[in-house]
Amino acid sequence: MENGTEGKNFYIPMNNRTGLVRSPYEYPQYYLADPWQFKLLGIYMFFLILTGFPINALTLVVTAQNKKLRQPLNFILVNLAVAGLIMVCFGFTVCIYSCMVGYFSLGPLGCTIEGFMATLGGQVSLWSLVVLAIERYIVVCKPMGSFKFTATHSAAGCAFTWIMASSCAVPPLVGWSRYIPEGIQVSCGPDYYTLAPGFNNESFVMYMFSCHFCVPVFTIFFTYGSLVMTVKAAAAQQQDSASTQKAEKEVTRMCFLMVLGFLLAWVPYASYAAWIFFNRGAAFSAMSMAIPSFFSKSSALFNPIIYILLNKQFRNCMLATIGMGGMVEDETSVSTSKTEVSTAA
């Protein structure tokens, strides 16, 4: 390609007329970015591990320890924490090492494994947010009447996230697209960059962008938008109720944070990947792709902060577990927490 160099199982966004391009599996890629930039990204990933792992792991611990957290509407939050742990353990650790040495030293097979696990975890996380939005929409807006969520419904929602995630992460393993190093060549993802014969990258990227980005975006905007409208309508009917007005503001704030968190994680990465795909051959720097790629990994940290730590019931249990606070046992607080779980937590 005019502005890049395609090799076996890799694509470097630099023309080899420079004579600098080397395999990202064998040589440091310091011609793509300064060594300190590699180290800085490695430090950033280390920060995500130090913060993301404890929060996600603690979510599983407190759920196992506290029966009151093991209610159907919380299943998807546990699923979200599992997705975060997959990203941290199987993606971030490998990425840190690659940043420190300056290239993806684990080879094509390691790249495929890392790319698959990172994509799987990221997609489970993404679809968990979709299922969570739908659950809240059903509970608050009641499009199905007085529908009662059971453990079976919630388990089906969790299973759905893994099915959808697998439908995105598995195809590159079996020849529909492939996993290659991206950005500064220290982490791996689907091939948005090349028209490599036999991989049908064009159809895969279009499928991934439409089904695994546009559909979730539309669903989340529709459900949370409907939720806010419903709560505002209820608040308008009870203008004299201070508690109702406060609840309306809280729900609006939480919905805003949820949508904002989703957009910050996925829009930069998906948009830039789409631009690369639809402007194939156009010049772009490795770092310009690395930044949105690395930023999307932040979802392993701020998703549990938004969806779990801001949930009073989970937060109280976590504080009690680490010895920094007691559970709020009075009936009013528990009732408030349960309402938060089903509406705006």
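Glycine is treated like the rest: Cβ placed from N, Cα and C.
Both LEU69 and ALA282 are recorded by Swiss-Prot, but within differently named topological domains on opposite sides of the membrane. Candidates considered were CYS168, CYS188, CYS211; Swiss-Prot assigns the disulfide partner of CYS111 as CYS188. In sequence order, MET45, LEU48, MET87, GLY91, PHE92, CYS95, ALA118, GLY122 constitute the residues six or more apart from LYS297 (N6-(retinylidene)lysine) in its chain with CB-CB distances below 8 Å.
Under a cutoff of 8 A between CB atoms, and with a sequence separation of 6+ in the same chain, the neighbours of ASN3 (N-linked glycosylation site) are PRO13, MET14, ASN15, GLY281, ALA282, ALA283, PHE284. For ASN16 (N-linked glycosylation site), the count of additional Cβ atoms within 10 Å of its Cβ stands at 13 [all protein chains shown]. DSSP assigns ASN16 (N-linked glycosylation site) to a helix in the three-state reduction.
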